[in-house]
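Copied from Swiss-Prot, the annotated features are:
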type     : residues                                                            : note
ACT_SITE : 148                                                                 : active site, proton donor/acceptor
BINDING  : 10, 385                                                             : Mg(2+) binding site
BINDING  : 17, 208, 209, 210, 211, 212, 283, 284, 285, 331, 332, 333, 334, 335 : ATP binding site
BINDING  : 89                                                                  : substrate binding site
SITE     : 180                                                                 : site 'Transition state stabilizer'
SITE     : 241                                                                 : site 'Transition state stabilizer'
């Protein structure tokens with residue numbers, strides 16, 4: 001049997017997403033999620049050949065145990081033998097990695113060197129890499145790292161530098177790196193294809209909206225600015241993350257309120273955003289469903305969309321020429337007609353007019369243009385980060 005399928009591993013701090021794809025046609029053979037690592041209720045669920053399955057993992061199980069379960073209990077011998085390479089999603093590659101690379105000892109060292117910028121994710125990615133080497137030794141030279149930061153490495157200095165002492169950047173790498181790059185890359189290319197614009201000519205603003213969220217300005221096919229910064233805390237209002245705040249708030253929380261550094265970090269990353277504004281949940285669907293009847297839900301939705309519209313408007317200025325489309329993607333971007341409507345209503349100055357029927361239709365797997373005839377284009381495109389990872393992995397290994 002030919003080895004032409006790609007195993008994709010996305011190791012989070014307490015979870016593991018996995019999939020097996022055909023990199024040519026995107027056909028998904030297997031997908032799944034193991035979660036609640038290190039807890040008593042660690043579990044795994046998957047979909048294989050159209051059939052769903054789930055199981056409890058041993059209490060305290062983590063990445064190693066989950067991968068062992070996948071190989072021993074889910075993968076058939078035939079499917080194992082068809083895996084030709086392994087692609088790893090890596091959240092942070094720093095300045096060193098500007099594109100996907102075959103994993104070597106030097107690459108592992110490079111991922112380790114930027115752990116401080118992704119302290120929850122990069123260590124988990126390294127575990128996934130080592131476990132892949134152990135479980136599939138015959139594929140050791142066919143493991144590929146695909147970096148979420150790579151697409152943003154085309155940002156110019158004026159976009160990625162903070163107005164801090166330059167030595168913080170020069171000596172410590174303190175700058176804006178962005179995130180969700182694989183998603184922004186995919187939907188920008190897909191927008192170019194659908195609009196019949198060359199990839200190196202397309203100008204789009206891409207909005208990846210999920211529990212985390214970011215916006216990117218893409219000019220001539222390259223990212224020239226993005227809303228996330230040194231870490232994924234900067235930028236938009238998110239599920240539990242504050243996004244942009246006055247940095248002096250941190251000093252106020254510490255000096256006046258007596259909060260520790262750990263408490264402040266926990267507040268900004270896990271207790272803010274939609275959760276902080278609603279005081280109920282980080283789920284955007286709650287704010288959407290209760291928008292008309294609950295003041296907190298309305299408040300959360302308005303702040304969320306206002307911040308998003310501000311970024312989109314500023315990126316119109318940054319692109320500075322013809323804008324082909326605003327693209328919404330991610331769980332919220334693809335499914336929340338309300339978020340899209342409120343956001344685009346802030347942009348009426350630029351001629352944007354939502355078509356209600358189109359906007360409502362573009363949900364739950366449906367895509368397309370959501371603005372009215374004669375309006376500048378805004379559209380929904382479903383992201384497919386796994387396909388990008390599979391294609392990059394195949395390009396660097398199987399088809400090289």
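The backbone N, Cα and C atoms fix where each Cβ goes, and this holds for glycine too.
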Which Cβ among the recorded positions (89, 180, 241, 285) has the fewest C-beta neighbours inside 10 Å? 285
Out of 148, 283, 334, which of the recorded positions has the smallest number of neighbouring Cβ atoms within 10 Å? 283
Other CB atoms, at most 10 A from the CB of residue 211 (ATP binding site): 16
May I ask which residues of the same chain, at least 6 positions away in sequence, place their Cβ under 8 angstroms from the Cβ of residue 209 (ATP binding site)? 236, 308, 328, 329, 330, 331, 332, 333, 336, 339
Residues that sit under 8 angstroms from residue 10 (Mg(2+) binding site) by C-beta distance, when 6+ apart in the chain: 16, 17, 18, 88, 89
Excluding its own, the Cβ atoms lying within 10 Å of the Cβ of residue 17 (ATP binding site) add up to 17
By CA distance, which of the recorded positions (180, 211, 241) lies nearest to residue 385 (Mg(2+) binding site)? 180
Rounded to whole angstrom, what's the largest C-alpha distance between any two of 17, 208, 209, 210, 211, 212, 283, 284, 285, 331, 332, 333, 334, 335, listed as binding ATP? 23
Find the shortest Cα-Cα separation between residue 334 (ATP binding site) and the recorded positions 148, 180, 241, and name the residue that gives it. 180
For the C-alpha pair, I'd like the distance in angstrom between residue 180 (site 'Transition state stabilizer') and residue 241 (site 'Transition state stabilizer'), rounded off. 15
Ten-angstrom check, please: count other Cβ atoms within 10 Å of the Cβ of residue 385 (Mg(2+) binding site), all chains counted. 24
